[in-house]
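Among the features that Swiss-Prot reports, ATP binding site is placed at Gly14, Ser15, Gly16, Lys17, Gly18, Thr19, Arg130, Ile139, Tyr140, Asn198, with the record citing sequence analysis. What Swiss-Prot records for Thr35, Arg40, Ala61, Phe62, Val63, Gly89, Phe90, Pro91, Arg92, Gln96, Arg159, Arg170 is AMP binding site. The Zn(2+) binding site annotation in Swiss-Prot covers Cys133, Cys136, Cys149, Cys152, and the record cites sequence analysis as its basis. The region 'NMP' annotation in Swiss-Prot covers 34-63. Here Swiss-Prot flags 129-162 as region 'LID', drawing on sequence analysis.
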Amino acid sequence: MTKGSVFIIMGPPGSGKGTQSQYLANRIGLPHISTGDLLRAIIREGTPNGLKAKAYLDKGAFVPSDFVWEILKEKLQSQACSKGCIIDGFPRTLDQAHLLDSFLMDVHSNYTVIFLEISEDEILKRVCSRFLCPSCSRIYNTSQGHTECPDCHVPLIRRSDDTPEIIKERLTKYQERTAPVIAYYDSLGKLCRVSSENKEDLVFEDILKCIYK
């Protein structure tokens, strides 16, 4: 990665990070890097690291910082990210935020953090009605009426960690570990808050206002 623009999309599970990150990637032409997708990819490959990641995710636990960081850093150093990128799902702890800050300073990249705000009730409603394409990892909602991915033509599946019990546990851990990260970026003047309870297109308009203000 050389000097460029990096956009970090943050928010609790079910806030629409992946959807909005992909909208932004399509609009500004930068690659979308999802740590969740990176982890699910190595899980599908069945590597030792993939099996380790699966054990954490299946019980709703966070994957260790150093483990996630090494996977993400390799992606950030690729040619695809030479002009910048959109990061979704990282950082989740202050340690991760400091690792990413140090890396971005070394390569002289500017960055903006978009924080998607959403209530717990709305999160539970969304997460319990979403399905995943096992091939491309795109998320679909039951209200869309899809039973298979329109692009990959494979049946949609429900993620093993998309249950009310696991989501509530993840939200508790999220508040404990990620709330300080939000405060940290806010103190640096890097944070822009956006409500993600509106329709997807309206949320995206608010994100663009943050970027171009």
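Placement of Cβ uses the backbone N, Cα and C atoms for every residue, glycine included.
Remember, it's a predicted structure, so these values are computed and weren't measured experimentally.
Annotated features taken from Swiss-Prot, shown on the structure.
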| residue | record | DSSP (3 states) |
| --- | --- | --- |
| Gly16 | ATP binding site | coil |
| Thr35 | AMP binding site | helix |
| Val63 | AMP binding site | coil |
| Phe90 | AMP binding site | coil |
| Arg130 | ATP binding site | strand |
| Tyr140 | ATP binding site | strand |
| Cys152 | Zn(2+) binding site | coil |
| Arg159 | AMP binding site | coil |
Near the region 'LID' (129-162), which residues from the same chain, at least 6 beyond its ends, have a CB less than 8 A from one of its CBs? 14, 18-19, 34, 36-37, 40-41, 44, 57-58, 60, 170
Gly18 (ATP binding site) versus Thr35 (AMP binding site) - Cα distance in angstrom: 10
Pairwise Cα distance for Cys152 (Zn(2+) binding site)/Arg130 (ATP binding site) [Å, integer]: 17
Can you tell me how many other Cβ atoms are located within 10 Å of the Cβ belonging to Tyr140 (ATP binding site)? 18
What is the nearest of the binding-site residues Ala61, Val63, Phe90, Arg92, Arg159 to Arg130 (ATP binding site), using the Cα of each? Arg159
Measuring Cα to Cα, how far is Ala61 (AMP binding site) from Cys136 (Zn(2+) binding site) in Å? 23
If I take the alpha carbons of Tyr140 (ATP binding site) and Cys149 (Zn(2+) binding site), what is the distance between them in whole Å? 8
Around the Zn(2+) site formed by Cys133, Cys136, Cys149, Cys152, list the extra residues of the same chain whose Cβ is within 8 Å of the site's Cβ centroid. Pro134, Ser135, Ser137, Arg138, Pro150, Asp151, His153, Val154, Leu156
Using a 10 angstroms cut-off on Cβ to Cβ distances, just flag whichever of Ala61, Cys136 is the loneliest among these binding-site residues. Cys136
Between Gly16 (ATP binding site) and Cys133 (Zn(2+) binding site), find the distance joining the two CA atoms and give it rounded to the nearest Å. 16
